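All remarks here apply to the structure that follows.
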Amino acid sequence: MARLFGTDGVRGIANYDLTPQLAFELGRAGAYVLTHGTHRPKVVVGKDSRISGDMLECALTAGLTSVGAEVISVGIIPTPAVAYLTRLYQADAGVMISASHNPVEYNGIKFFDKDGYKLPDEVEDRIENIIKEKIELPSPIGTGIGTRKEYTNSHRDYIEFLKSTIDGDLKEMKIVIDCAYGASSTIAPILFKELGAEVILHGAEPIGEKINVNCGSTHPEKLQQLVIENGADIGLAFDGDADRLIAVDEKGNVVDGDHIMAICAIDLKKKGRLKNNTVVATVMSNIGFEIALKEQGINLIRTKVGDRYVLEEMTKGGYSIGGEQSGHIIFLDDNTTGDGEITALKLCSISKESGKKLSELAACMITYPQVLINAKVKNELKNAYLEDEEIKREIENLEREMRGEGRVLIRPSGTEPLVRVMVEGKDYDKISQMAKELAELIERKLN
């Protein structure tokens, strides 16, 4: 049986991979492990707008209450809200039902501990082991069975918290917001209007059939069009559960996670709030991002792909900002997970405070051309490039040739018999040739 938990909880096609039975079992096992067998644990449960959300919430809630948990249902709400509300309500755990940026047929179940952090691998393994080994858990009866309560003030609690993460307001700003028909629909329109912005909305109803369909952070084309048509200052695109943000400048250009992190890190440094003068990002962040930070005297630490690895490094080193090119950005002084709304507020606030358009702010970084080529290799040899002296020597030669203005990244595919060869640098034709020759060398040596 394959591992249930991936890099972001349990995810799959709802009612096929992620069945109500599995949701029930996750509820039972998750509540038991996270609350250390406490008799009456408290668990916050939220969801995005997917049509399978009701089905899975009912099953999950049945599982949680069957081991005696008190369920606090907070309805359709962003993933980072569940992390925050778990702390605010002093709950023992939080659970979010969402598949983030994935298509509508998918859904997922993601757990948070009592402090609002995603679970480490070893805790997920314990939950998974209970399910796979069919370990018997307590089944209380009578008054020992848990109950479910709806907290109707949760959205207001989260909105007030979000407002506290910036100084001042957003008056005189014209902002287009794309909520991807997802969880941010219940928060972002109210939040930005209450802060005084003139708001133009797209995809701002929680319609499960439309979530992420040609909208949101993975499809910003409509947002780009609306920003230009309305003469807006900025466009903001969230994904289905609002843990990531992609922006659009006043000229209609996309501003990705690398640019947003660079803008925010430089601002934090100016204000003396960039802890340890360091930003954490993954190996996928562009070399242009690294160079932009270096020019400002800011250090960069890179991690494996996945916001959980970024967060682990941030908590270990006590850093204040980290994230991914995709727009998952963590402001650890404010929340314990990527938060699209916090990121949006910071970005808009910096633009207003500085009096600079987003295009001017984004000019702090130049995105270098990137070439990605897949080298086909035998599955069992995907990691052998690490030991091959000729391949290692060639990578060193290429990086030396680029003199700090480019880089080579080799990543074995997690699912296919491929090694991905990525080269970044100033000259597209040159790096294309480099990537092609390196991929050919890897194929020759590892087959």
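Even glycines carry a Cβ here, placed using N, Cα and C.
In this view, Ser100 (active site, phosphoserine intermediate) is surrounded by 27 other Cβ atoms within 10 Å of its Cβ, with every protein chain counted. Per Swiss-Prot, active site, phosphoserine intermediate is recorded for Ser100.
The Mg(2+) binding site annotation in Swiss-Prot covers Ser100, Asp239, Asp241, Asp243. All chains included, 35 other C-beta atoms sit within 10 angstroms of the C-beta of Asp241 (Mg(2+) binding site).
Residues or ranges marked as phosphoserine in Swiss-Prot (evidence: sequence analysis): Ser100.
In this structure, the C-alpha atom of Ser100 (active site, phosphoserine intermediate) lies 6 angstrom from that of Asp239 (Mg(2+) binding site). Within 8 Å of the centroid of the Cβ atoms of Ser100, Asp239, Asp241, Asp243, where the record puts Mg(2+), the same chain has further Cβ atoms from Asp48, Pro78, Thr79, Ser98, His101, Gly182, Ala183, Phe238, Gly240, Ala242, Arg244, Gly338, Gly340. The C-beta environment of Asp243 (Mg(2+) binding site), restricted to residues of the same chain at least 6 apart in sequence and closer than 8 Å, consists of Pro78, Thr79, Pro80, Ser100, Asp307, His328, Thr337, Gly338, Asp339, Gly340. Long-range Cβ proximity for Asp239 (Mg(2+) binding site), meaning a same-chain Cβ under 8 A and a gap of 6 or more residues, is found for Ser100, His101, Ala180, Gly182, Asn212, Gly216, Ser217, Thr218, Gly327, Gly340.
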